Amino acid sequence: MKITEGYMPFKGFKTYYRIVGENTEGKKPLVLLHGGPGSTHNYFEVLDKIAESGRQVIMYDQIGCGNSFVEGHPELFNADTWIEELIELRKHLGLDEIHLLGQSWGGMQAIWYAIEYKPKGIKSYILSSTLSSAKLWEKEQKRRISYMSEVDQKALLDAVNTGDYSSKEYNDALERFMEMYCAGEVTEDSPECLRRPKKSGSEAYIVGWGQNEFSPTGTLSGYEFTDRLHEIKEPCLVTSGAIDLCSPYIAKTMYDRIPNSKWELFEYSRHMPFVEENEKYIKVLTEWLNAND
């Protein structure tokens, strides 16, 4: 399968992109927006198989992480920059008509783009384990924390209240929380793209979102689009896991308000159903894309 890699100049830096497969008439490319901010494209390589059906799959490292790593420029890490980067990448690669999949932060970006920019040429959106409200996300994560041991609850909430995230108790509790709702430990049996070392954008995450999933304090903390979801007119597939950071309540909040939407709940998944239920996810996604070309 053909894989093309390259860089696009952006704001004096460079944005890395990776294109899998070749264009086939009648099948619009699938563009992938990774999470974080700062998580890199790597985990999306488990979706390369989609290109075998003749559909080009395009992923990239957003500025601040991976092969587009930048640090010491906190002024970059906001929605305007990341959406401008997407707009420029579409121009650079001639992506007039696409399907757009955003996972976690990438889904926030897709919603923001859809509602505030009203872009042309989007055949469908796939909102994967994402959110329409930072406040609701915070509330749901804190609800989840209430089910943890009293020791872990105290460690997590003390850190939030004091602003001191350095204690061993906090970091151990955070690790348990993320393993429960985000992803398990990477092992020798994990896909190669997950085992590969990556340059995460920790500054992008902290400046953009905050110190952890339940403390949105960064440039994205005012993200609130629930009451405007009805403005998304394109077909929209919401996907989430049963024990996802994107709780079923968060997913249903989006599904209920987007007019032309479908929701697929993955029973055995946390925050990355495309990894934990890979075959099913690819089947569901491929059927969706084929139906909405």
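Yeah, the Cβs are placed from backbone N, Cα and C, and that goes for glycine too.
What Swiss-Prot annotates here:
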- S104: active site, nucleophile (ACT_SITE)
- D244: active site (ACT_SITE)
- H271: active site, proton donor (ACT_SITE)
- 28-277: domain 'AB hydrolase-1' (DOMAIN)
Quiz prompt | Chain-internal residues, separated by at least six, CB under 8 A from D244 (active site) | solution = S129, Y181, A251, S269, R270, H271, P273
Exercise. Using the structure shown, find which entry in S104, H271 (the active-site residues) has the sparsest Cβ neighbourhood within 10 Å.
Key: H271
Quiz item: Over the domain 'AB hydrolase-1' (28-277), what is the model's average pLDDT?
Solution: 98
